[in-house]
Amino acid sequence: MKKQKQPVSWKRLSIFAALFVALTLAGFFTVFEHFSGRSLTFDWQLLRPEFILASLALLTVYFVSDGLRFYYTLVALGIKVSPKVMTKLVFINIFFSNITPMATGGGFAQVWFLHEHGVSVGKAMAGSTIRTVLAVLFIFSLSPIFLLTLPPLQESSLSNSISSALAVFTVIYLAFFIVLLWRAVWLVTPMTGVVKGLYRLNLISQEKMRRWNFTLMRELFKFSKSFSDYVRGPKKAIILSVLHTALFLLALFSFPALIMWGLGYDVPYLLSVGLLVVTTFIMYFSPTPGASGISEGVFGNFFNTLLEQHHLLLVTFSWRTLTIYLGMVIGLFILQHYLISRSKQSVQVGYE
(Lines of atoms letter the chains of each structure in order from A and count residues from 1; the text may use other names and numbers.)
(Lines give C-alpha, C1' and ligand atoms only; values in the text may rest on other atoms or scores of the structure.)
Protein backbone atom coordinates (compact mmCIF):
# COMPACT_ATOMS: atom_id res chain seq x y z
CA MET A 1 0.00 0.00 0.00
CA LYS A 2 1.47 3.33 -1.05
CA LYS A 3 1.67 5.92 1.69
CA GLN A 4 -0.13 9.13 0.78
CA LYS A 5 2.00 12.24 0.87
CA GLN A 6 0.80 14.87 3.32
CA PRO A 7 -0.10 18.16 1.59
CA VAL A 8 1.06 20.12 4.64
CA SER A 9 4.59 20.18 6.05
CA TRP A 10 4.06 20.32 9.80
CA LYS A 11 7.77 20.88 10.37
CA ARG A 12 7.72 23.97 8.17
CA LEU A 13 4.51 25.21 9.77
CA SER A 14 6.07 24.75 13.21
CA ILE A 15 9.00 26.94 12.18
CA PHE A 16 6.65 29.61 10.83
CA ALA A 17 4.52 29.36 13.99
CA ALA A 18 7.57 29.87 16.21
CA LEU A 19 8.59 32.85 14.08
CA PHE A 20 5.04 34.23 14.27
CA VAL A 21 4.99 33.99 18.07
CA ALA A 22 8.48 35.47 18.47
CA LEU A 23 7.76 38.43 16.19
CA THR A 24 4.35 38.99 17.78
CA LEU A 25 5.95 39.19 21.22
CA ALA A 26 8.54 41.59 19.80
CA GLY A 27 5.74 43.73 18.38
CA PHE A 28 3.89 43.87 21.69
CA PHE A 29 7.13 44.68 23.49
CA THR A 30 7.68 47.58 21.06
CA VAL A 31 4.24 48.96 21.89
CA PHE A 32 4.88 48.46 25.61
CA GLU A 33 8.32 50.06 25.50
CA HIS A 34 7.80 52.97 23.10
CA PHE A 35 4.10 53.87 22.99
CA SER A 36 2.32 52.75 26.17
CA GLY A 37 4.72 54.24 28.70
CA ARG A 38 5.54 50.72 29.94
CA SER A 39 2.06 50.47 31.46
CA LEU A 40 -0.55 47.74 31.07
CA THR A 41 -3.81 47.03 32.88
CA PHE A 42 -6.74 44.79 32.10
CA ASP A 43 -10.06 46.62 31.98
CA TRP A 44 -13.06 44.59 33.14
CA GLN A 45 -15.31 46.68 30.89
CA LEU A 46 -14.34 44.28 28.09
CA LEU A 47 -16.22 41.50 29.92
CA ARG A 48 -19.52 43.38 30.04
CA PRO A 49 -22.35 41.36 28.42
CA GLU A 50 -23.18 44.14 25.94
CA PHE A 51 -19.58 44.30 24.72
CA ILE A 52 -19.33 40.51 24.40
CA LEU A 53 -22.62 40.36 22.47
CA ALA A 54 -21.52 43.21 20.18
CA SER A 55 -18.19 41.44 19.57
CA LEU A 56 -19.95 38.16 18.72
CA ALA A 57 -22.26 40.00 16.32
CA LEU A 58 -19.37 41.74 14.55
CA LEU A 59 -17.38 38.48 14.41
CA THR A 60 -20.35 36.78 12.79
CA VAL A 61 -20.56 39.48 10.11
CA TYR A 62 -16.77 39.33 9.69
CA PHE A 63 -16.54 35.57 9.15
CA VAL A 64 -19.78 35.15 7.16
CA SER A 65 -19.01 38.02 4.76
CA ASP A 66 -15.48 36.63 4.31
CA GLY A 67 -16.96 33.34 3.16
CA LEU A 68 -19.66 34.93 1.01
CA ARG A 69 -17.27 37.23 -0.87
CA PHE A 70 -15.32 34.19 -2.05
CA TYR A 71 -18.46 32.10 -2.56
CA TYR A 72 -20.02 34.63 -4.96
CA THR A 73 -16.70 35.09 -6.76
CA LEU A 74 -16.71 31.35 -7.42
CA VAL A 75 -20.39 31.46 -8.45
CA ALA A 76 -19.51 34.15 -11.01
CA LEU A 77 -16.90 31.71 -12.34
CA GLY A 78 -19.54 29.00 -12.67
CA ILE A 79 -18.40 27.07 -9.59
CA LYS A 80 -20.76 25.92 -6.85
CA VAL A 81 -19.20 25.04 -3.49
CA SER A 82 -21.18 23.83 -0.49
CA PRO A 83 -21.56 26.15 2.55
CA LYS A 84 -19.77 23.53 4.68
CA VAL A 85 -16.69 23.62 2.45
CA MET A 86 -16.72 27.43 2.34
CA THR A 87 -16.93 27.63 6.13
CA LYS A 88 -13.87 25.42 6.51
CA LEU A 89 -12.07 27.37 3.80
CA VAL A 90 -12.58 30.70 5.61
CA PHE A 91 -10.73 29.52 8.71
CA ILE A 92 -8.09 27.44 6.91
CA ASN A 93 -7.27 30.55 4.86
CA ILE A 94 -7.00 32.71 8.00
CA PHE A 95 -4.61 30.19 9.52
CA PHE A 96 -2.33 29.86 6.48
CA SER A 97 -2.44 33.57 5.58
CA ASN A 98 -1.14 34.52 9.00
CA ILE A 99 1.36 31.72 9.53
CA THR A 100 3.23 32.33 6.25
CA PRO A 101 5.24 35.39 5.07
CA MET A 102 3.26 38.05 3.17
CA ALA A 103 0.10 35.88 3.43
CA THR A 104 1.42 33.72 0.57
CA GLY A 105 0.15 30.51 2.15
CA GLY A 106 -3.47 31.65 2.12
CA GLY A 107 -3.78 31.56 -1.66
CA PHE A 108 -2.08 28.17 -1.93
CA ALA A 109 -4.29 26.79 0.83
CA GLN A 110 -7.44 28.01 -0.92
CA VAL A 111 -6.39 26.47 -4.24
CA TRP A 112 -5.39 23.20 -2.57
CA PHE A 113 -8.61 22.90 -0.54
CA LEU A 114 -10.87 23.75 -3.49
CA HIS A 115 -8.96 21.30 -5.69
CA GLU A 116 -9.54 18.66 -3.00
CA HIS A 117 -13.26 19.27 -3.54
CA GLY A 118 -13.25 18.98 -7.32
CA VAL A 119 -12.41 22.50 -8.51
CA SER A 120 -9.68 22.79 -11.16
CA VAL A 121 -6.44 24.45 -10.09
CA GLY A 122 -6.81 27.18 -12.72
CA LYS A 123 -10.33 28.17 -11.65
CA ALA A 124 -9.47 27.94 -7.96
CA MET A 125 -6.44 30.17 -8.53
CA ALA A 126 -8.55 32.65 -10.50
CA GLY A 127 -11.18 32.76 -7.75
CA SER A 128 -8.58 33.26 -5.03
CA THR A 129 -6.81 36.00 -7.01
CA ILE A 130 -10.00 37.88 -7.92
CA ARG A 131 -11.10 37.71 -4.27
CA THR A 132 -7.78 39.27 -3.25
CA VAL A 133 -7.85 41.91 -6.00
CA LEU A 134 -11.30 43.13 -4.96
CA ALA A 135 -10.07 43.73 -1.40
CA VAL A 136 -6.83 45.32 -2.64
CA LEU A 137 -8.74 47.78 -4.82
CA PHE A 138 -10.80 48.96 -1.85
CA ILE A 139 -7.82 49.27 0.50
CA PHE A 140 -5.45 50.85 -2.01
CA SER A 141 -8.08 53.36 -3.12
CA LEU A 142 -8.89 54.50 0.42
CA SER A 143 -5.37 54.50 1.93
CA PRO A 144 -4.08 57.66 0.15
CA ILE A 145 -7.23 59.56 1.14
CA PHE A 146 -6.95 58.68 4.83
CA LEU A 147 -3.19 59.10 4.84
CA LEU A 148 -3.47 62.67 3.60
CA THR A 149 -6.48 63.75 5.68
CA LEU A 150 -6.34 62.14 9.15
CA PRO A 151 -4.58 64.32 11.79
CA PRO A 152 -2.98 61.41 13.73
CA LEU A 153 -1.27 60.25 10.54
CA GLN A 154 0.04 63.74 9.83
CA GLU A 155 1.60 63.78 13.30
CA SER A 156 2.93 60.22 13.06
CA SER A 157 6.65 59.63 12.57
CA LEU A 158 5.74 57.01 9.95
CA SER A 159 3.74 59.41 7.81
CA ASN A 160 6.56 60.70 5.60
CA SER A 161 7.96 57.21 5.02
CA ILE A 162 4.55 55.82 4.12
CA SER A 163 3.71 58.69 1.78
CA SER A 164 6.89 58.25 -0.23
CA ALA A 165 6.51 54.47 -0.47
CA LEU A 166 2.75 54.47 -1.08
CA ALA A 167 2.82 55.24 -4.80
CA VAL A 168 5.68 52.83 -5.56
CA PHE A 169 4.17 49.88 -3.70
CA THR A 170 0.70 50.54 -5.07
CA VAL A 171 1.92 50.57 -8.68
CA ILE A 172 4.00 47.39 -8.21
CA TYR A 173 1.21 45.51 -6.44
CA LEU A 174 -1.52 46.50 -8.88
CA ALA A 175 0.74 45.91 -11.91
CA PHE A 176 1.36 42.36 -10.74
CA PHE A 177 -2.35 41.63 -10.45
CA ILE A 178 -3.13 43.31 -13.79
CA VAL A 179 -0.59 41.04 -15.51
CA LEU A 180 -1.93 38.03 -13.60
CA LEU A 181 -5.53 38.75 -14.56
CA TRP A 182 -5.27 40.15 -18.09
CA ARG A 183 -1.95 38.83 -19.40
CA ALA A 184 -1.38 35.57 -17.54
CA VAL A 185 0.37 34.13 -20.61
CA TRP A 186 3.25 36.55 -19.97
CA LEU A 187 4.05 34.48 -16.90
CA VAL A 188 4.64 31.28 -18.88
CA THR A 189 8.26 32.10 -19.77
CA PRO A 190 9.48 33.10 -16.27
CA MET A 191 7.61 30.24 -14.57
CA THR A 192 8.85 27.58 -16.97
CA GLY A 193 12.30 29.16 -16.58
CA VAL A 194 12.13 28.53 -12.84
CA VAL A 195 11.19 24.89 -13.45
CA LYS A 196 14.05 24.54 -15.94
CA GLY A 197 16.39 26.03 -13.34
CA LEU A 198 15.31 23.38 -10.83
CA TYR A 199 16.11 20.71 -13.43
CA ARG A 200 19.55 22.19 -14.14
CA LEU A 201 20.28 22.14 -10.41
CA ASN A 202 19.36 18.44 -10.42
CA LEU A 203 16.49 19.08 -8.01
CA ILE A 204 13.92 17.48 -10.32
CA SER A 205 14.10 14.92 -13.13
CA GLN A 206 13.62 15.72 -16.81
CA GLU A 207 10.32 13.85 -16.79
CA LYS A 208 9.08 15.89 -13.83
CA MET A 209 10.26 19.11 -15.51
CA ARG A 210 8.19 18.32 -18.61
CA ARG A 211 5.17 17.35 -16.52
CA TRP A 212 5.39 20.51 -14.40
CA ASN A 213 5.79 22.75 -17.46
CA PHE A 214 2.77 21.15 -19.11
CA THR A 215 0.71 21.57 -15.93
CA LEU A 216 1.83 25.19 -15.51
CA MET A 217 0.87 26.17 -19.05
CA ARG A 218 -2.44 24.31 -18.87
CA GLU A 219 -3.45 25.91 -15.57
CA LEU A 220 -2.31 29.40 -16.61
CA PHE A 221 -4.49 29.24 -19.72
CA LYS A 222 -7.37 27.95 -17.59
CA PHE A 223 -6.74 30.80 -15.17
CA SER A 224 -6.75 33.40 -17.94
CA LYS A 225 -10.02 32.03 -19.32
CA SER A 226 -11.52 31.94 -15.82
CA PHE A 227 -11.08 35.69 -15.34
CA SER A 228 -12.95 36.28 -18.59
CA ASP A 229 -15.64 33.95 -17.26
CA TYR A 230 -15.89 36.07 -14.09
CA VAL A 231 -16.37 39.31 -16.03
CA ARG A 232 -19.02 37.65 -18.21
CA GLY A 233 -20.56 35.78 -15.28
CA PRO A 234 -23.95 36.38 -13.64
CA LYS A 235 -24.20 40.08 -12.81
CA LYS A 236 -25.91 39.29 -9.52
CA ALA A 237 -23.00 37.11 -8.40
CA ILE A 238 -20.45 39.77 -9.43
CA ILE A 239 -22.31 42.51 -7.55
CA LEU A 240 -22.69 40.31 -4.46
CA SER A 241 -18.98 39.43 -4.51
CA VAL A 242 -18.14 43.15 -4.50
CA LEU A 243 -20.74 44.03 -1.84
CA HIS A 244 -19.65 41.24 0.49
CA THR A 245 -16.02 42.31 0.03
CA ALA A 246 -17.00 45.81 1.14
CA LEU A 247 -18.99 44.41 4.08
CA PHE A 248 -16.09 42.17 5.11
CA LEU A 249 -13.63 45.08 5.07
CA LEU A 250 -16.04 47.33 6.96
CA ALA A 251 -16.37 44.66 9.66
CA LEU A 252 -12.59 44.19 9.77
CA PHE A 253 -11.95 47.91 10.11
CA SER A 254 -14.65 48.30 12.79
CA PHE A 255 -13.00 46.17 15.49
CA PRO A 256 -10.80 48.92 17.02
CA ALA A 257 -13.82 51.25 17.19
CA LEU A 258 -15.81 48.51 18.93
CA ILE A 259 -13.03 47.84 21.46
CA MET A 260 -12.58 51.54 22.22
CA TRP A 261 -16.36 51.89 22.62
CA GLY A 262 -16.26 48.98 25.06
CA LEU A 263 -13.62 50.82 27.09
CA GLY A 264 -15.69 54.01 27.20
CA TYR A 265 -13.85 56.07 24.58
CA ASP A 266 -15.67 58.48 22.29
CA VAL A 267 -13.48 58.27 19.18
CA PRO A 268 -14.97 59.27 15.79
CA TYR A 269 -15.81 56.07 13.91
CA LEU A 270 -14.38 57.29 10.60
CA LEU A 271 -11.09 58.21 12.29
CA SER A 272 -10.72 54.72 13.75
CA VAL A 273 -11.62 53.08 10.44
CA GLY A 274 -9.22 55.29 8.50
CA LEU A 275 -6.31 54.50 10.80
CA LEU A 276 -6.90 50.78 10.42
CA VAL A 277 -7.21 51.05 6.63
CA VAL A 278 -3.70 52.54 6.47
CA THR A 279 -2.44 49.99 9.02
CA THR A 280 -3.82 47.17 6.85
CA PHE A 281 -2.25 48.73 3.76
CA ILE A 282 1.17 48.60 5.44
CA MET A 283 0.54 45.01 6.53
CA TYR A 284 0.17 43.98 2.87
CA PHE A 285 3.88 44.62 2.37
CA SER A 286 5.12 43.16 5.64
CA PRO A 287 7.46 40.22 4.99
CA THR A 288 6.77 38.61 8.37
CA PRO A 289 4.15 35.85 8.92
CA GLY A 290 0.78 37.54 9.32
CA ALA A 291 2.58 40.90 9.52
CA SER A 292 3.49 39.85 13.06
CA GLY A 293 5.63 42.37 14.89
CA ILE A 294 5.02 45.05 12.27
CA SER A 295 1.22 45.23 12.62
CA GLU A 296 1.39 45.67 16.40
CA GLY A 297 4.03 48.38 16.13
CA VAL A 298 2.19 50.32 13.43
CA PHE A 299 -1.13 50.01 15.27
CA GLY A 300 0.47 51.27 18.49
CA ASN A 301 2.08 54.17 16.66
CA PHE A 302 -1.18 55.26 15.01
CA PHE A 303 -3.58 54.76 17.93
CA ASN A 304 -1.40 55.97 20.81
CA THR A 305 -2.76 59.53 20.54
CA LEU A 306 -6.35 58.28 20.89
CA LEU A 307 -5.91 56.07 23.95
CA GLU A 308 -4.65 56.35 27.48
CA GLN A 309 -1.26 54.70 27.78
CA HIS A 310 -2.40 51.85 30.04
CA HIS A 311 -5.07 50.87 27.47
CA LEU A 312 -2.91 50.88 24.32
CA LEU A 313 -1.41 47.41 24.68
CA LEU A 314 -4.77 45.97 25.76
CA VAL A 315 -6.54 47.41 22.70
CA THR A 316 -3.75 46.21 20.40
CA PHE A 317 -3.93 42.68 21.79
CA SER A 318 -7.75 42.64 21.71
CA TRP A 319 -7.75 43.79 18.07
CA ARG A 320 -5.32 41.05 17.01
CA THR A 321 -7.19 38.43 19.04
CA LEU A 322 -10.56 39.16 17.46
CA THR A 323 -9.36 39.58 13.88
CA ILE A 324 -6.48 37.09 13.71
CA TYR A 325 -5.75 34.79 16.66
CA LEU A 326 -9.30 33.47 17.07
CA GLY A 327 -9.63 32.59 13.39
CA MET A 328 -6.17 31.00 13.34
CA VAL A 329 -6.98 28.69 16.26
CA ILE A 330 -10.27 27.62 14.66
CA GLY A 331 -8.48 27.14 11.32
CA LEU A 332 -5.79 24.96 12.90
CA PHE A 333 -8.37 22.64 14.47
CA ILE A 334 -10.35 22.42 11.22
CA LEU A 335 -7.17 21.67 9.25
CA GLN A 336 -6.06 18.96 11.69
CA HIS A 337 -9.49 17.35 11.70
CA TYR A 338 -9.67 17.41 7.90
CA LEU A 339 -6.20 15.90 7.42
CA ILE A 340 -6.85 13.18 10.00
CA SER A 341 -10.18 12.28 8.35
CA ARG A 342 -8.52 12.35 4.93
CA SER A 343 -5.74 10.05 6.15
CA LYS A 344 -8.23 7.57 7.64
CA GLN A 345 -10.21 7.48 4.39
CA SER A 346 -7.01 6.81 2.43
CA VAL A 347 -6.10 3.94 4.75
CA GLN A 348 -9.58 2.42 4.40
CA VAL A 349 -9.42 2.66 0.60
CA GLY A 350 -5.96 1.10 0.67
CA TYR A 351 -7.19 -1.94 2.54
CA GLU A 352 -10.27 -2.47 0.36
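Using the three backbone atoms N, Cα and C, a Cβ is placed for every residue, glycine included.
For reference, TrEMBL has these:
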- 12-32: transmembrane segment (TRANSMEM)
- 52-77: transmembrane segment (TRANSMEM)
- 89-113: transmembrane segment (TRANSMEM)
- 133-153: transmembrane segment (TRANSMEM)
- 165-185: transmembrane segment (TRANSMEM)
- 237-260: transmembrane segment (TRANSMEM)
- 267-285: transmembrane segment (TRANSMEM)
- 312-335: transmembrane segment (TRANSMEM)
Cβ contacts the transmembrane segment (52-77)/the transmembrane segment (165-185), at least three under 8 Å, sequence gap 6 or more: no
Tertiary contacts of the transmembrane segment (237-260) (same chain, 6+ residues out, Cβ under 8 Å): 46, 51, 54-55, 58, 61-62, 65-66, 68-69, 72-73, 75-76, 130-131, 134-135, 138-139, 230-231, 267, 269, 272-273, 275-277, 280, 299, 303, 306-307, 315, 318-319, 322-323
Cβ-Cβ under 8 Å with the transmembrane segment (133-153): same-chain residues at least 6 beyond its ends: 69, 73, 159, 162-163, 166, 170, 173-174, 177, 181, 241-242, 245-246, 248-249, 271, 274-275, 277-278, 280-281, 284, 302-303, 305-306
